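Engineer: Once you've had a glance at the structure underneath, I'll fire off some questions.
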């Protein structure tokens, strides 16, 4: 945990006041609603045919929709690390160099986590007086030094890893659920998830945690709520009253429950009369996991492939900003956005400047959100240690392509089910750095029609893109990779608090090894 | 042209009055806005990422959206014949038996057209006092006996065939444009379409025709306006002021112009104060022509394949009903609908019953539209003379599959670009009548995951579907096919009125032959 004020001399400059917000005595509250593996195409307002997200659609009708919003990585952990640091995973260490262009994350055998040297959004917000809570999935490392309360959060209810399981607590322990510093139980034991029926009441618990926190803070200090629910990540789950209610099956049940919760959270803000002083942003950590579809995976709408890939389906995210009185209702912004922008934008809302001693990839979206401006900026699509693609305006250039290996594909692991674009959805890592594959995403959102190398359009666009990539690569200093080493001994055998519950488990002998990242 | 009242003894029963409409002295006007090759995914409200259809989205916000609306055939002519007769093409003759399961339409060498024995919607509406106008593409046969004014329309401005060309007027004549009984010029000559730039002002002319007719009829007899524009059919076009305005390229320019026109038409109805007495329905004739994408083709959103196929992308259509004061604003109906329902629904609005001497496939949607009811009915997916698939509830069973032949496919004709579902998007005609391929369209709108033959779900669903199909086949009496014979001599050499313009062309010798329908 860096001592921010000492290092940076952060000052309140209340930039938000000049952006249409009234000069209020305190900066606005910030609520980030971060979904897990929810796809762009899962919302009615983004064209899901069953149209089962009335509250999110209403949120869009009252707020601003971002159809061109991206994650920084097509996998959970790096995406979340990027969101909370405003930096690409290759800068904040949330990547691997064990092999080329591999997605890595934080299973419970991971040794690494978010480095102390990184400034996390809640750490910085504290300097502006914010009280910060994370509800749900952390995923930035589960060992003690990575605990969210050591990185700026004041409260936590949730789990450090994915809710996979059930494990036998011998070969692998079940994932612990924490309240603040200590575990209060484990998934599949104290917090049941019925893998057969899909029933779990976790989303309702996460809702209650959000409600309690908002009520507690409503008329106190400004607050930052990071609501990172995970019902749409396989194994998907829903409460009893939502199970079987969707036309889309179990995945849809999970979406419906979350949609209902979002409606309740927004209504609570209105009932408390703090809606005009609370900035709410809804998005997801990566594209829908088509590998789990159709029962346990969502939809990326018209976009190519899904989670794990740097095609649009892997990284284009549903996104809605809501801030009554500040955002004109029902607007659509074609601003190219990124989860990393939520870092910089949140700081801006708090009247803070981002750290100046390091590269920050996120930009302040407030001019786009409040004044409808369009800010020219590229989007970089990374997979592990490789910049796979870049988007500049409507054009996307692929410097590297692959979906997954022939070996994995032949085992039935398919990130692009039913989709095959010759030379694009390749099963070997194909380098195109000299002659990138170019698509116009306006005409061709599905990345189906590469623009001819010999066309004038290709040549003109590449002349514009090349220097942007060159500049990006020149200033890129990769951090030490944090996701290289795994060790069964570091799993959640004995989380803090286990001794009070008599639930500590014996860990095996420490045996660090290189993590295997097949994708 | 059948003499309807004589044959049927049609009586006004004013069924609409009992369905929430006030008992007004005259039935409501009817405006059908029928698009050409526009896809489900081309509207912002259905998830088109560029969100460039503000007026259609507003129409949905003020009306009712139908995400489960279908055409009766994945090709223009049979779809339009079905809409205007309320009957499947196999019943009204708009199909071919030259080969199995082939799409046929009305190019200018077609000998056939809409049979006199068919009752068309405008013919029937006349009996309730309606004045009927068609603006745009007719496509039910271009020879004199098939003229729209011989089938119930009172006015026509538009063309009998697609705006292909330009032809040389020697091997093939350019397509004539008619005002009422006579041609007033030809495409590419008097009505220019610039194939290089995409510029044509036809949509503006079609708008003006609609505006003039609505103004003329607003306070006269009830009217039926069939606005069948074709700017989104290749070669796509837009007026100068819309060219280059879309993020989606030329196809998007065409959509933007049409969207703007729809906004103007709805506003005109409001300005005239007749919006509560005018039922407006927007839909399209078949799925987006992916063969023409991305420059000249649209989007079918998350659905499989496109025009010409009986996959969802070929037959699921964008659909919006608008009738202020009668339809509650912003509703979504999951009613399974079909363009053929517009026939029966329009009759119901006019207080008429459909003909009772023949099978009518269209149902009256007013209970769904006005009262929000859900009517249980199957959807049959035909290609030529074959029932390829059926939808019952959320389930779709494919009895036959094919996209197009290997021969055509190897020539680069691809109705499913970038998509390949093993055993589904086949390039040979595959029969599955004994063991249909089954999909759940709620969980799997993209038809990517066939339900296991051995599952209980499969068995239960097929037990329900089989008798529905059996009943359908039992009552199916195919009409004499009208789209079997072609003859270069019947092309638009000398349309009525050509002599006044000095524009008659000499026709070649009559040589009837079997039309070749490769798809």
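Each Cβ is built from the backbone N, Cα and C atoms, and glycine gets one as well.
Residues or ranges marked as signal peptide by TrEMBL: A:1-23. Per TrEMBL, the feature domain 'Sulfatase N-terminal' maps to A:28-351. Residues or ranges marked as Ca(2+) binding site by TrEMBL: A:36, A:37, A:76, A:285, A:286. Feature annotation from TrEMBL assigns active site, nucleophile to A:76. If you look up TrEMBL, you'll see A:76 marked as 3-oxoalanine (Cys). Residues or ranges marked as active site in TrEMBL: A:139. Annotation comment: TrEMBL describes A:201, A:420 as N-linked glycosylation site.
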Engineer: Could you name the residues, excluding A:36, A:37, A:76, A:285, A:286, of the same chain that surround the Ca(2+) site, i.e. Cβ within 8 Å of the Cβ centre of those residues, in sequence order?
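Structural biologist: Near the Ca(2+) site, the remaining chain residues are A:35, A:38, A:75, A:79, A:80, A:233, A:284, A:289, A:307.
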Engineer: Please work out the number of neighbouring Cβ atoms within 10 Å of the Cβ of residue A:139 (active site), leaving out its own Cβ.
Structural biologist: 30
Engineer: Taking A:36, A:37, A:285 as the binding-site residues to compare, which has the smallest set of other Cβ atoms within 10 Å?
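Structural biologist: With the binding-site residues A:36, A:37, A:285, fewest surrounding Cβ atoms within 10 Å: A:36.
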Engineer: For chain B, give the subset of the recorded positions A:36, A:37, A:420 whose C-beta is less than 8 angstroms from one of that chain's C-beta atoms, in sequence order, otherwise 'none'.
Structural biologist: A:420
Engineer: To what whole number does the mean pLDDT across the domain 'Sulfatase N-terminal' (A:28-351) round?
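Structural biologist: Summarising the domain 'Sulfatase N-terminal' (A:28-351) by its mean pLDDT gives 98.
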Engineer: Could you measure between residue A:201 (N-linked glycosylation site) and residue A:286 (Ca(2+) binding site) for me? Cα positions, answer in whole angstrom.
Structural biologist: 24
Engineer: Check residue A:76 (Ca(2+) binding site) against DSSP and tell me helix, strand or coil, would you?
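Structural biologist: Once the DSSP labels are grouped into three classes, residue A:76 (Ca(2+) binding site) ends up as helix.
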Engineer: Once the chains shown are all counted, how many other Cβ atoms turn up within 10 Å of the Cβ of residue A:76 (Ca(2+) binding site)?
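Structural biologist: There are 27 such Cβ atoms around residue A:76 (Ca(2+) binding site).
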Engineer: Which whole-number value in Å describes the distance between the Cα atoms of residue A:420 (N-linked glycosylation site) and residue A:286 (Ca(2+) binding site)?
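Structural biologist: One finds 21 Å between the Cα atoms of these residues.
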Engineer: For the recorded positions listed here (A:201, A:286, A:420), tell me which residue's CB has the most neighbouring CB atoms inside 10 Å.
Structural biologist: A:286
Engineer: How big is the gap, in Å, between the Cα of residue A:76 (Ca(2+) binding site) and that of residue A:139 (active site), rounded to a whole number?
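Structural biologist: That comes out at 8 Å between the alpha carbons.
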Engineer: Rounded to an integer, what is the Cα-Cα distance in Å between residue A:285 (Ca(2+) binding site) and residue A:139 (active site)?
Structural biologist: 11
Engineer: Taking only the Cα atoms, work out how far residue A:139 (active site) lies from residue A:36 (Ca(2+) binding site), in Å, as a whole number.
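Structural biologist: Cα-Cα distance, residue A:139 (active site) to residue A:36 (Ca(2+) binding site): 11 Å.
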